[in-house]
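Chemist: According to TrEMBL, the record shows the following:
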- 34-295: domain 'G-protein coupled receptors family 1 profile' (DOMAIN)
- 20-43: transmembrane segment (TRANSMEM)
- 55-76: transmembrane segment (TRANSMEM)
- 96-122: transmembrane segment (TRANSMEM)
- 134-156: transmembrane segment (TRANSMEM)
- 192-210: transmembrane segment (TRANSMEM)
- 231-255: transmembrane segment (TRANSMEM)
- 275-298: transmembrane segment (TRANSMEM)
Amino acid sequence: MNSSYLEIFKWQIKVDQEFLFYTCTCLIPLGICLNFIQFVFLFKKKFLHSTMGMYYRLISVYNIFVLVLSWLYLISKSHSFNLNLINEIGCRLFSYFFRITYQICSWLNVLVTFDRLVFILFPTRFKILKNKAYIMGLFFSSHIFFILVNIPSLFFNFTSLSLNVSNVTYKCEQCWADHSIFLLRTITSQIVGVYIPFFLMITLNSILFIKVFKSHHRLKHQIQMGKDIHFAFTLICSNILFIILLTPYSIYIIILSTFMESETLSLSLNVYLSLFETITIAIYCINYSMSFIIQILFNKMFRKEVKMTIFKFLSILTGKQHIVHDSSTNHTLH
């Protein structure tokens, strides 16, 4: 290995480890905290009995699941933490449960968008979609499908590669399977977790955007529909962000699939892919961390409730009354 290649090799490892460290210590913990805050906040009286509050509580919970699983996986990759869960069992279970949870997150976003679209287009019909018991039963029943679809992940095996460079031993661990299993997992995971939700989000958001745009002036004085427009706009922004931030990881999976005929990857290639994987995981972790922030930025009603909560908290701490000045119409969730 010549000196220039060696320097690039070391630089890749260094950058990979830095990304791992800051993602594990800053980004993911912050995302978990923000989702937990949103989950607790949605138990406020105004949101407690609404279907949208229920949907976003579920989104918060499954976002936390994805972030925790990603956290444990990245900690295992990092040299800064004395924890290694990438082993024979970890290769199977981490991949299995991670794919189940992120696919459920994708479909939750589709479900929320569909719910708002139906409610705006047909406000007096499809009352069953307002039945929370029915929705929850249907939602948890769908887990059976995701459990079955991701069975190929349980057939992956653990492999380890090592290379001595300038008296320094570099070691890479990877999860691998034969050609047919790898291909089956990649296709099912991408179709179920990315491509179908992506297509549905684009379609539903396009219809939603057209409906909101055409109806804005006609409906702006109707409190109920005005509130739905706020939520529709929030959903459009959230779904656009979801699609953008999940795309790099999908590209990584496609690139990785081009090498699936090899029994193992060379160490140098593994280092390249490891760095790319870390970066793409950090990017999609931003997506699973931003739900609370997006609500504050784009949902006037949600933002007002957050302000009121903050001012109440400050009033308790300081003993002074803080008044929220907001000219927007009071709305409630449905």
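Here the Cβ of each residue, glycine as well, is placed from N, Cα and C on the backbone.
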Chemist: Would you report the average pLDDT that the model assigns to the domain 'G-protein coupled receptors family 1 profile' (34-295)?
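Modeler: Summing pLDDT over the domain 'G-protein coupled receptors family 1 profile' (34-295) and dividing by its length gives 81.
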Chemist: Mark yes when the transmembrane segment (96-122) and the transmembrane segment (192-210) have three or more Cβ pairs under 8 Å (sequence separation 6 or more) and no when they do not.
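Modeler: Answer yes, regions in contact.
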Chemist: At a C-beta cut-off of under 8 Å, are there same-chain residues at least 6 beyond the transmembrane segment (20-43) that contact it? List them, or none.
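Modeler: Long-range Cβ neighbours of the transmembrane segment (20-43): 53, 56-57, 60-61, 63-64, 67-68, 70-71, 74-75, 77-78, 80-81, 278, 281-282, 285-286, 288-293, 295, 305-306, 309.
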Chemist: So what's near the transmembrane segment (55-76) in sequence-distant terms, Cβ-Cβ under 8 Å and 6+ beyond its ends?
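Modeler: Long-range Cβ neighbours of the transmembrane segment (55-76): 20, 23-24, 28-29, 31-32, 35-36, 38-39, 42-43, 47, 83-86, 90, 94, 97-98, 101-102, 104-105, 108-109, 111-112, 115, 139, 278, 281, 284-285, 288-289, 291-292, 295.
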